[in-house]
Amino acid sequence: MMNLLFTITLAIILAGALPKNVMGQGVSVPDLVTPAFFNGIINQAPAGCAGKNFYSRDAFLEALNSYPQFGKLGSADDSKREVAAFFAHTTHETGYFCYIEEIDGASKDYCDETNTQYPCVAGKNYFGRGPLQLTWNYNYGPAGQSNNFDGLNAPETVANDPVVSFKTALWFWMNNVRPVVTQGFGATIRAINGAIECNGGNSGAVQVRIGYYTDYCNQFSVSPGDNLSC
């Protein structure tokens, strides 16, 4: 009896020690991101979009295998909101999965020369690519290390391999956005593009993101929660 009581007590202590944003009740992400849900997004992209022959639900689900904690956040409702937020941002960043690469991205300088840990490679560009438009050498480097490709020497991989592309989006999400998801959708906007859009920077873009998010929350039968704007 004493051993059983100890085991139960230890289990309760360990459960309580787990941060809410690391483990949770979670949901079945494939059950939420159904073919109808995913196709309902990408089918809104014009017929000539490069992304229509690149992004797919199957590629997303394969990438998800590398990030099993995605969609496991506190309660089931918290988890649904996380998935809704992720797809709200990817919808906005890619124009309904139309764009694989940032428009005019090659003309922009996304090399942080002060970052010596992930130095830029001559002739390579680190403009936006993939579902969350991964940018900067300091993101391509570690994203590549985490997902078994050379992000600094071959950043174009993110635009050539749809599974890797989704993996980089999930990598960025879990490292930079996941920690603030429970603070409300507005906090996720700030984590992704706050310097440009928040505090009146681009209120139109903020409202568009919120619109996608509330739509997807409705599809998942969950309230969008508080603090929607940044």
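Each Cβ is built from the backbone N, Cα and C atoms, and glycine gets one as well.
Automatic, uncurated: that is what TrEMBL annotation is.
Around the Cβ of GLU93 (active site, proton donor), 20 further Cβ atoms fall within 10 Å across all displayed protein chains. Summarising the annotation, TrEMBL assigns active site, proton donor to GLU93.
Neighbours of CYS98 (disulfide bond), defined as other CB atoms within 10 A of its CB across all chains, total 18. Here TrEMBL flags CYS49-CYS98 (among others) as disulfide bond.
Here TrEMBL flags CYS111-CYS120 (among others) as disulfide bond.
Under the heading disulfide bond, TrEMBL lists CYS198-CYS230 (among others). The Cβ of CYS198 (disulfide bond) lies under 8 Å from the Cβ of GLY186, ILE189, ARG190, VAL206, CYS230, each of which sits 6+ residues away along the same chain.
Among residues of the same chain six or more beyond the domain 'Glycoside hydrolase family 19 catalytic' (49-71), those with a C-beta under 8 A of the stretch's C-beta atoms are 22-23, 26-30, 32-33, 35, 38-39, 42, 79, 82-83, 86, 94-100, 131, 147, 162-167, 169-171, 173-174, 178. Per TrEMBL, the feature domain 'Glycoside hydrolase family 19 catalytic' maps to 49-71 (among others).
In the predicted model, the domain 'Glycoside hydrolase family 19 catalytic' (164-174) has a mean pLDDT of 98. If you look up TrEMBL, you'll see 164-174 (among others) marked as domain 'Glycoside hydrolase family 19 catalytic'.
Sequence annotations record features per position, and here TrEMBL assigns signal peptide to 1-19.
Listed in sequence order, the residues of the same chain lying 6 or more apart from CYS111 (disulfide bond) and placing their CB within less than 8 Å of its CB are CYS120, TYR126, TRP136, ASN137. For the disulfide-bonded residues listed here (CYS49, CYS230), the lowest count of other CB atoms within 10 A around the CB belongs to CYS49. Counting every protein chain shown, the number of other Cβ atoms lying within 10 Å of the Cβ of CYS120 (disulfide bond) is 21.
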